[in-house]
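Going by TrEMBL, these are the annotated features:
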{"type": "DOMAIN", "residues": "553-645", "note": "domain 'DYW'"}
{"type": "REPEAT", "residues": "105-135", "note": "repeat 'PPR'"}
{"type": "REPEAT", "residues": "136-170", "note": "repeat 'PPR'"}
{"type": "REPEAT", "residues": "238-272", "note": "repeat 'PPR'"}
{"type": "REPEAT", "residues": "339-373", "note": "repeat 'PPR'"}
{"type": "REPEAT", "residues": "374-408", "note": "repeat 'PPR'"}
Amino acid sequence: MKKQILCSKYLLYGGFTCSKIRHSCIRQISESTCFSFGTFATPEAIFKDCDISEFEEWDASGFNDSFQVDRSRYNDLLKRCTQMGKLREGRIVHALLLNSQFRDDLVIQNTLLNMYAKCGSIVDARKVFDKMPLKDMVTWTALITGYSQNYRAQEALDLFPPMLQHGLKPNQFTLSSLLKASGDGLASEKQGRQLHAYCVKCGCDSNVYVGSSLLDMYTRFGLMVEAQSIFEGLVSKNEVSWNALIAAYSRKGDGEHAIKLFREMQRDSFKPTHFTYSSLFTVCASTGSLEQGKWVHAQVIKSGGRLVAFVGNTLVDMYAKSGSIEDAKKVFDRLVKRDVVSWNSMLTGYAQHGLGKETLQQFEEMLRIGIQPNDVTFLCVLTACSHAGLLDEGQHYFELMKKYRVEPDVSHYVTMVDLLGRAGLFDQAERFIREMPIQPTAAVWGALLGACRMHKNMELGAYAGEHIFELDPHDSGPHILLYNMYASAGRWNDAAKVRKMMKENGVKKEPACSWVEIENAVHVFIANDDAHPQREEIGKMWEQMSIKIKEIGYVPDTSHVLLFVDQQEREAKLQYHSEKLALAFALLNTPPGSTIRIKKNIRVCGDCHSAIKYVSKVVGREIIVRDTNRFHHFRNGSCSCGDYW
């Protein structure tokens, strides 16, 4: 009885308000050596977060054995535990509740179930649900919402039919959680549409909460037309509905629609949230739209927003992926609080830009201040080592993963194969693949094939290619890579066999294209592009530039023209690659001295890489090219990759 009184005192005053009483209760509980509460073994385990240094004596004479916590206090305490995420304290309240007259009280049981669900203990929430003698709509909604928010979508959806069988009518919160589960889980589009039909039947489809969940569900299915239709049909909109549609366009990489919606949102006097800005920065990063990203950043500053949490992290990522690693570092340095995601964003940026030494310095600083690295952190570091040719460092950091108990996954093994292969250590790379604790994937063999292309190791490249074609016969990349290797070596019969294999498997090459953003407009070019309004000026500009760079040493590398034609025709073909056309357009339409930023959807070709180096020297400008692998910074006739790419 004494133990219950002491815990009751702690719950009534403690944990939350009165430090004197709280710590006195703690001492008295600690002195009760036989104390035991459910799964809690010791009082120290229960109250380990309390500051014992504040302990002061107090007179407990105002309490006696008849002391009890009333109904409203139980409810308030459970709600406070929910708000503060205090699962351990919530379990203490639950333990007291089991010995009280309110153990079967429906309202308190609902609050208890919600506490467990919101604090992440969905298993305990289900146990409470199953033991409840009475259940109402709030009960079912709390558990459905709990499953949905804890990424157990199917279990949330499985509760819907029995709930209806009990004669209960779902409310807007129930339906919103079910729709979220439908979009997040393995539910089919048909199931989603059935839920939509039920919402229409109940007259809830135009409700702003249900409508927002509906449009989010359809976007998860990739049905943007339906999502847009629901959005436009909402009687009233809120920030959630706007954010849901903006986020959907962001996930699809459709920056134009996302920015357009953002402007409409502002015109309709809705205040953007952190989620809004994060979605916009993400889509700007994916397309490399630096100017649009800067404009959104300006809107954050204008609104008085602070660079906190994921907004700051996505802003760092946006600047890095848009080619401005300097601005990414400035934002990183100004973040209100830097967590492991912040550091990973910066490390990723350095790695993508080929700044190997800077990546390692940043990583060591991260360790020095006590930030625990995770699997993404080590992947960034290993990628940087691979891009910069830092073999010894890469091997050291791969071994360091054991110290931090980070289990390598397939991405880490791919990067190590790439590191060894790029260094020309093919025997070590093969041995590494054989000794891997997991089965080599197509990506692992693809890394070896890429290294074989770099070092022109035809036989090993063919061996790696066979494994890739067996594991992933529909990926065009390895087929094209092996075809190019054969064609470059003049082995046209072998190249023809690869082409035939592609045709038989229905594999099609992704068309190469490059694009450049000027004054918030994106201009896209393909090889031999004759559709652009400035095509004549672009052609003349590149002809002039070609003459100038040849005068200072540029020699066209015709091995990159993989056609059985004469030398003159090969040289002519080289002049109209998409990145050269994009560069010529940028030279025509940007001020002298400004930085030129070009993006390409596949790896930049070797001849274009060489030509752009010379152009950067002739025009005295920095040219930044982002391809699928990395960034290349061309300045004064050299590239940041050191021709190691």
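Backbone N, Cα and C atoms are what each Cβ position is placed from, and that goes for glycine too.
Here the structure is a predicted model, which means the values were calculated and not measured.
In the repeat 'PPR' (238-272), the DSSP tally of helix, strand and coil residues is 26 helix, 0 strand, 9 coil. Per DSSP, the domain 'DYW' (553-645) is made up of 37 helix, 16 strand, 40 coil. When DSSP labels each residue, the repeat 'PPR' (136-170) comes out as 25 helix, 0 strand, 10 coil, counted as helix, strand and coil in that order. When DSSP labels each residue, the repeat 'PPR' (105-135) comes out as 23 helix, 0 strand, 8 coil, counted as helix, strand and coil in that order.
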